[in-house]
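Asks: So Swiss-Prot has the following annotated:
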| type | residues | note |
| --- | --- | --- |
| BINDING | Thr29, Leu30, Gly31, Pro32, Lys50, Gly416, Asp497 | ATP binding site |
Amino acid sequence: MSKIFKNRLEGLRALNRGVRALAKAVTSTLGPQGSHVVIKKDHSSPYVTKQGASIAKEIILPDAFENTGLKLIKEAALQMEAQVGDGSTTAIVLTDALFASGLKGVAVGLDPLEIKQGIQLAGAMLDEELAKLVVKISESEDIFHIATSSANHDAAIGKILADAIAQIGIEGVLSIKEGRGTETTLQATRHVGLNSGYLSSYFVTHPETMEVIYEDASILLCNQALSCLNQSFIHFLEQTFQTNRKPLIIIAEDFDPELLSILIVNKLKGNLPVCAIKAPGYGQQCKETLEDIAILTGATLVGDLLGISLSESSLDVLGRVEKIIVKRNTTIFSGGKGNQESLEQRIDYLRQAIVQSSSEMDTQDLEKRLARFVGGVAQIYLGSATENEYKERKIRLESALKAVKAAFKEGCLPGGGVALARAASIIKIPNELPIGVMFGCKCMLQSAEEPLRVLATNCGKDPEYVVDTVLKHADPYFGYNCINDSFENLITSGVFDPFSVTKCALKYSISISCLLLTSSFFIVDSSEKMQNPPLF
């Protein structure tokens, strides 16, 4: 397959046109007064969005070199969406401004490596100044403002997410499902749960609700399948029946049908209030679930493979809960009697494992396990009039959730592009720097004002006037509120940006811009359709 080549300046200009094309498409969407973009795919209905990452996914340019520039900045936008859920448009705006200004230096003969050094130097100083502006959030109203902003100013999504987090905590597990009709509803519980229920309806104690409900119940956890041939289990059951009249909940890998019948008969005769539950999952996942429940209830996980046989166990292996509610497919524990030190150790372990996890699936499993200890579980049934509206609102809600979690983790900055502009205005560039490094610093600091300028433009304001008015004010949190068209303290009025979102947008824009500016030769496949637009 033949290749096509371009030299440094010609190639950089072509890549810059690709970056600029994507920036033009998403710039008008930034902020509460930003416009929507209509996207129509083959064999599907058109849908409307303001998500920068969603727009970036759909744009392809006919020129192979321009498309290369677009693909690189698109990757930054998609990384932003995956990592922190918000800020993809800001990252694109920053990259466009930074690359375009840096390219001017390359065009007049400045050393690209010095320009890169200057950009990175100013970027590090911006990070330091931004950290000084961080404020912590805690109130439900703060969550509402952040979620609403990250959901493209959808107040309904902001409210439902704030309500969910108020009920299950920031470390709870939230799932999104399609609702019935246009109404969005929330179901949440803070109790510990299992995605598994009773194995037979004969265990039910409350027929009107088809639930098994016991108070002050004992918990037996077995990391093995149980059968009536297992004499050690039968002996343990008899011992429990004779000395412990509390309800017995047995959670095991599996149950032999004959053993299940024996348990049902004992329950129906009133000999022993009992319920059998099959542990969810298989293999290691099942074992980890049982270990979590053991720590929560104070039980000892028994099983031949663990070296802890029922034949050698006393009633001390039983855990306890204040109350348990078992349905056909779910189990809810309340008031587990686990050791507090063991609980804290397991919570620390799970939090550390989440930080170190590199797999999204593993991270989700770990978050669900952590929710058993410190949070709860919530389901949002998202209302919508059409399937496309549901998909778009689901993307907004997922983005808002990531942004809120990011805000809790690292705090917030005054929003509306103000934090970057104010941090840039504080930084003083050392005079003794080489000319290329100094130029790179200036490129970075000037580009940091671009998100604020774009927001002002989208609100119909003079960007120069807005920037000057904001930066002249002594209050570091003073800025322009696009929602009510006023200058005020943005923290007080609830205009936030998660610190990690701004930090990531800065990081990715610097990374992509420096990568492009220090490239000197460009190669693409000639099989890609080519056009020859005039160089600027």
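Residue 1 is the first one shown; counting continues down the chain.
Positions of Cβ are set from backbone N, Cα and C atoms, glycine also.
What does the local environment look like for each feature on the list?
Replies: The Cβ of Gly416 (ATP binding site) has Gly31, Leu452, Leu455, Gly479, Tyr480, Asn481, Cys482, Leu490, Val495, Asp497 as same-chain neighbours under 8 Å, each 6 or more residues away in sequence.
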Asks: Mind computing the max CA-CA distance among Thr29, Leu30, Gly31, Pro32, Lys50, Gly416, Asp497, which the record assigns to ATP binding, rounded to whole Å?
Replies: 17
Asks: When a 10 Å sphere is centred on the Cβ of Pro32 (ATP binding site), how many other Cβ atoms does it contain?
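Replies: Taking every protein chain into account, the count is 18.
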Asks: What does DSSP say about Asp497 (ATP binding site): helix, strand or coil?
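Replies: SS state of Asp497 (ATP binding site) = strand.
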Asks: Let me know how many other Cβ atoms fall within 10 Å of the Cβ of Leu30 (ATP binding site).
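Replies: For Leu30 (ATP binding site), the 10 Å Cβ neighbour count is 23.
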